[in-house]
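Some notes on the structure that comes next.
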Amino acid sequence: MERTVVLIKPDAVKKGVIGEIITRMEKEGYILVAAKFLRMPDDLLDDWYAHHKDKPFFPELKAFMTSTPVMAMLWEGKDAVSGLRKLCGPTDARKAPKGTIRGDYGKDVQENAIHASEDEHAANKEMDLIFLPHEIQEWKR
Ligand code: IDP
Ligand code: MG
């Protein structure tokens with residue numbers, strides 16, 4: 001079993017599609033083990049998007065990511081990391097196929113509705129950045 005971190009981003013929060021996006025993950029059989037609705041602090045975003053820190057779009061990306069709270073969740077399941085990345089679709093929502101979350105709810109390369117951890121290393125790091133051990137719930141269907 002793998003765990004992966006998902007953020008429902010401010011564009012999707014503003015659209016009012018938090019529930020629809022969660023439903024897609026539940027329908028795929030993933031299990032929700034932690035959730036938190038939070039406004040991401042500045043230093044957390046510096047760490048989260050460290051790979052984009054020197055890009056010209058970084059200030060705009062931070063402004064976007066703090067324009068509303070985000071819905072942060074930890075999802076569990078077999079091959080959850082790659083499975084959820086696939087469900088999200090490619091980064092640029094304009095290139096994301098219909099039926100993927102970004103294809104259906106995103107707008108462009110920045111406002112793309114959702115984040116899902118890139119690999120297991122990132123998933124572990126992001127899990128520790130958002131959730132305390134006692135906030136993670138163990139349960140089975
Ligand atoms: P990912 O979210 O698919 O893993 P990353 O390259 O890790 O893609 O980028 C993280 C986030 O940064 C993207 O989801 C998007 O919101 C934003 N982003 C990436 N590339 C661009 C860009 O060229 N312009 C503006 N925002 C970008
Ligand atoms: Mg990434």
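Every residue, even glycine, has its Cβ placed from backbone N, Cα and C.
It should be emphasised that the depicted structure is a prediction, and the values quoted were computed from it without experimental measurement.
TrEMBL annotations:
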- 1-138: domain 'Nucleoside diphosphate kinase-like' (DOMAIN)
- LYS9, PHE57, ARG85, THR91, ARG102, ASN112: ATP binding site (BINDING)
- HIS115: active site, pros-phosphohistidine intermediate (ACT_SITE)
Per-residue pLDDT averaged over the domain 'Nucleoside diphosphate kinase-like' (1-138), given as an integer:
98
For LYS9 (ATP binding site), the same-chain residues 6+ apart in sequence with C-beta under 8 angstroms from its C-beta are PHE64, MET65, VAL70, GLU111, ASN112, ALA113, ILE114, HIS115
Let me make sure I understand the span of the ATP site: among LYS9, PHE57, ARG85, THR91, ARG102, ASN112, what is the greatest distance between any two Cα atoms, in Å?
23
Helix, strand, coil: count each for the residues of the domain 'Nucleoside diphosphate kinase-like' (1-138), based on DSSP.
65 helix, 28 strand, 45 coil
Fewest-neighbour residue among binding-site residues, criterion Cβ within 10 Å, set THR91, ASN112
THR91
Using Cβ-Cβ distances, find the residues under 8 Å from ARG85 (ATP binding site) that belong to the same chain and are at least 6 apart in sequence, listing them in sequence order.
ALA116, SER117, GLU118
Would you find the one among the recorded positions ARG102, HIS115 whose Cβ has the most company, meaning other Cβ atoms within 10 Å?
ARG102
Can you go through the binding-site residues LYS9, ARG85, ARG102 and pick out those with a C-beta less than 6 angstroms from ligand 1?
none
CB neighbours of PHE57 (ATP binding site) within 10 A?
11
